[in-house]
Ligand SMILES: NC(=O)C1=CN([C@@H]2O[C@H](COP(=O)(O)OP(=O)(O)OC[C@H]3O[C@@H](n4cnc5c(N)ncnc54)[C@H](O)[C@@H]3O)[C@@H](O)[C@H]2O)C=CC1
Ligand SMILES: CC(C)CC(=O)C(=O)O
Ligand SMILES: [Mg+2]
């Protein structure tokens, strides 16, 4: 029996997770996969109850699980807390505890959703990018100080560090992924300014030399522009923690909505699966969030952590079929389509599962 730790978190996390869990349960029943789903708390709601955003019990359960399905954390209510107690520490802490260093964020534009992009249809049509984002290092995990004082004035600083071995392992992940795709890696950095980026570029260059993939390098500012100018030029996009965070939110709308996009975070142990978006406080509690990113993250869990590609594909096809039937949550709704609440969208996917 496989153990799955389910962590809904805050805001829309609760709503989207209900839909994803129902889909995961039904799929595993259909495919005879023996799983046990157990729910754990994290984020601001966990802080309210336990005075920590990442209770020890949640970490222990995640480490002992075969896969972790995570919703999202955060919200204005907790923004005043000291840094170590903020809800975001739950997801950062969990990534660190699980040692998941490779964040895979597929950005695909489904042909029937190409017109939903804010860009012209002819620009986004055919886009199929895999963002491989380094997840366990870089500036999100560097030393920082918020209240340093210098000559009586406040000063804050963050640091980014990357070691050769951290870069090598994520470059390896990107090259392996590229070999199963169109064999091209674009490594994104800011090597014209940053020391970490210069090490990044040299190391990626060396790692990819024997990998039987083609490689090019792009500065992150240019990449942000190329993603909207010609997204179809990218295959695998390899980058650091912060650049990957920013570029993946940008790229997410090529396919219609950030609510559609899943991710897998992989390392040596348990994998962590989440939508790429946050807790969306602006729409939380209204039953209007798009649950597809989380449902598709459950599919990635079946594929990468449970080794069940057919069951994963069944979920992916069911999401496609529900969308092709015309169901749309508010983020993608248009006249003439079937308006879906979060729960309706989950139910529409469930009906398509086979
Ligand atoms: N992995 C995590 O838990 C993450 C947490 N956060 C946290 O989430 C909170 C909100 O952050 P924001 O910057 O507003 O980013 P966000 O991703 O939560 O929301 C950005 C925009 O996208 C919309 N959106 C996001 N997910 C959606 C969905 N499934 N369906 C429909 N619309 C959706 C929201 O309504 C909002 O307008 C903050 O506290 C932030 O720190 C942000 C990103 C990731
Ligand atoms: C708390 C943030 C670092 C999470 C985030 O924005 C992300 O991983 O996409
Ligand atoms: Mg983000």
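Glycine too: its Cβ is placed from the backbone N, Cα and C atoms.
Because TrEMBL annotations are produced automatically, they should be read as predictions rather than curated entries.
Same-site candidate for substrate binding, as annotated by TrEMBL with 95, 133, 221, chosen from 105, 144, 233: 105. Of all the binding-site residues listed (280, 284, 288), 280 sits in the most crowded Cβ setting, with the most other Cβ atoms within 10 Å.
Proximity of the binding-site residues 278, 280, 284, 290 to ligand 1, judged by a Cβ distance under 6 angstroms to any of its atoms, singles out 278, 280, 290 in sequence order. Proximity to ligand 2 at the level of Cβ atoms, with a cut-off under 6 angstroms, picks out 245 from the binding-site residues 133, 245, 249. The local packing around residue 278 (NAD(+) binding site), expressed as other Cβ atoms within 10 Å of its Cβ over all shown chains, amounts to 22.
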